Amino acid sequence: MRIGHFQLTNCLIAAPMAGITDRPFRALCHGMGAGMAVSEMLSSNPEVWRTDKSRLRMVHVDEPGIRNVQIAGNDPDEMAAAARINVASGAQIIDINMGCPAKKVNRKLAGSALLQHPDLVKQILSAVVNAVDVPVTLKIRTGWSPEHRNCIEIAQLAENCGIQALTIHGRTRSCLFNGEAEYDSIRAVKQTVSIPVIANGDITDPHKARAVLDYTGADALMIGRAAQGRPWIFREIQHYLDTGELLPPMPLGEVQRLLDGHIRELHDFYGPGKGFRIARKHVSWYLQEHAPNDQFRRTFNAIEDASEQLEALEAYFENLA
């Protein structure tokens, strides 16, 4: 699949997830077979551009793979400025967020709230596309509510504005993450526009990935929550798409190696004073399958020292072996 002049190595993309798809996680997903990994959402508000939080969320020129930054906001001029700043710092693709269902984002008329205002959507898309000389993509939901699904209208508008790829999550904003994603709307959009369409939502295993690709005709898949604690899902899916066969479960020793490396990267990236806090949620996700009771996770979450976290994980896996 191509986005502008960029050729992805495969059709699997790691979704932007706030507080999760930071630089260490993006690099891990890339190493585990993702064709591209999108950054955490960055606000277009200029008041926060120079904060430590925004600085850490920005991509860096030495990152592996295609550097794709997602921005969010509701002011066309601010969005254009945010796009220019991120391109100057190394972004090779700009993704616009019009799919986030979070209340704090929607209250500011950003994220999926914008789907209720096609005229403003057009202004934002046009402003960003005209502001930068890199491909601009868009991520949306199927609409604001099941009664107001307008993804076909938004998709046509996006194509006319020069958007070069469109990701659609198969739920409306009012659905949040409840129920099951539906793919009829994604299929309808794919049959309507000529730009690449990326399907997103509830793609949890290789069989589901194959089924969604076949049903929707999508050009690619975006995987989010299913990669939490299981970044090797990209490798599993790609192997199945290529061969029709499932890979064996990840050996416990390999899980330990990946987890240890991920936690060390988090400690290095955020510093010892913050890295150990960020590491807690990732460890919890990794160990869901291997720690059915919460005792170790509760013990681990009480640790407030980076080196002690690594020692605790080593001891934990030794006991499992």
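Please read every residue number as a count from 1 along the shown chain.
Even glycines carry a Cβ here, placed using N, Cα and C.
The FMN binding site annotation in Swiss-Prot covers Pro16, Met17, Ala18, Gln70, Lys139, Asn200, Gly201, Asp202, Gly224, Arg225, and the record cites sequence analysis as its basis. Residues or ranges marked as active site, proton donor by Swiss-Prot on the basis of sequence analysis: Cys100.
If you take the Cα of Pro16 (FMN binding site) and the Cα of the residue listed as 'active site, proton donor', they are about 10 angstrom apart, rounded to a whole number. Taking CA atoms as the reference points, Lys139 (FMN binding site) and Cys100 (active site, proton donor) are 9 Å apart. Taking each of the recorded positions Ala18, Cys100 in turn and counting other Cβ atoms within 10 Å of its Cβ gives the largest count for Cys100. Take the CB of Lys139 (FMN binding site) and look out to 10 A: across all protein chains shown you find 26 other CB atoms. Neighbour density for Pro16 (FMN binding site): within 10 A of its CB lie 26 other CB atoms from the protein chains shown. Local packing around the binding-site residues Gly201, Gly224 was summarised as the count of other Cβ atoms within 10 Å of each Cβ; on this measure the leading residue is Gly201.
Distance between Cα atoms for Gly224 (FMN binding site) and the residue listed as 'active site, proton donor': 13 Å, as a whole number. The two recorded residues Ala18 (FMN binding site) and Cys100 (active site, proton donor) have their Cα atoms spaced 10 Å from each other. Cα to Cα, Gly201 (FMN binding site) and Cys100 (active site, proton donor) are separated by 13 Å. For the FMN site listed in the record, the two most distant Cα atoms among Pro16, Met17, Ala18, Gln70, Lys139, Asn200, Gly201, Asp202, Gly224, Arg225 lie 21 Å apart. A strand conformation is recorded for Lys139 (FMN binding site) in the three-state DSSP classification.
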